[in-house]
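Engineer: What TrEMBL lists as phosphate binding site is 79, 123, 124, 125, 126. Residues or ranges marked as substrate binding site by TrEMBL: 202, 204. Residues or ranges marked as domain 'Nucleoside phosphorylase' in TrEMBL: 39-249.
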């Protein structure tokens with residue numbers, strides 16, 4: 001049917017569903033009227049970047065006005081920022097798996113309550129490139145963990161639940177085809193490695209702690225490259241797992257910062 005799925009039987013018995021961190025709710029807001037025609041959701045870490053992206057989309061879609069006065073739909077909270085440009089929703093998710101996971105749980109419920117259909121969600125932003133030209137855009141085919149496995153391990157109570165992190169291959173190829181019209185940015189499809197930390201988890205030598213040598217770091221990064229990893233960031237496995245389980249056509253497209 002193209003509807004966004006939720007897999008929580010407890011929601012059916014709730015009188016009201018409050019999306020705490022988005023400052024929205026099923027009783028306080030008419031979610032179908034506000035979001036029912038959304039077709040694309042673009043998410044990224046920084047509130048300022050997502051506002052700028054929404055303004056860009058406003059202009060690209062030829063909407064009335066210059067987009068400078070776009071309102072933050074989540075202005076009642078300081079957790080996330082959300083902007084709308086026609087059928088495109090632009091949302092910040094903060095940094096790291098915990099932050100994007102909270103946002104995605106509430107976003108998915110929002111799209112479900114709004115009765116949105118055939119929604120495509122794309123994550124955009126910066127990342128660390130691995131063995132590729134600086135400034136390249138990596139379109140993720142599979143998100144992998146620090147052991148280069150296509151999985152997301154979620155601790156639920158005292159169980160470790162393993163979820164798939166495959167992303168939509170057709171969408172990846174479609175985005176790659178679109179990139180041919182933008183020759184300024186080298187674009188490729190590859191694996192994206194997701195870590196739980198910016199410093200030690202990504203092999204950086206300049207954190208407050210460092211328990212490995214530069215030689216060990218380079219050996220690890222070479223193994224990652226040989227496993228198909230082309231960029232490194234901190235959200236992709238959770239993003240891929242939640243989108244896949246809830247029927248969202250998802251993709252991650254990142255421009256390496258290094």
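Here the Cβ of each residue, glycine as well, is placed from N, Cα and C on the backbone.
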Engineer: Measuring Cα to Cα, tell me the gap between residue 204 (substrate binding site) and residue 126 (phosphate binding site) in whole angstrom.
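Structural biologist: Between the Cα atoms of residue 204 (substrate binding site) and residue 126 (phosphate binding site), the distance comes to 16 Å.
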Engineer: Among all the protein chains here, how many other CB atoms are within 10 A of the CB of residue 125 (phosphate binding site)?
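Structural biologist: Around the Cβ of residue 125 (phosphate binding site), 22 other Cβ atoms lie within 10 Å.
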Engineer: Rounded to a whole number, what is the top Cα to Cα distance in Å among the residues the record ties to phosphate, namely 79, 123, 124, 125, 126?
Structural biologist: 20
Engineer: Out of 126, 202, which of the binding-site residues has the smallest number of neighbouring Cβ atoms within 10 Å?
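Structural biologist: Taking 126, 202 as the binding-site residues, the minimal 10 Å Cβ count falls on 126.
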Engineer: Determine, using Cα-Cα distances only, which of these binding-site residues is closest to residue 202 (substrate binding site): 79, 123, 124, 126.
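Structural biologist: Nearest listed residue in space: 126.
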Engineer: Grab the pLDDT values for the domain 'Nucleoside phosphorylase' (39-249) and give me their mean, rounded.
Structural biologist: 95
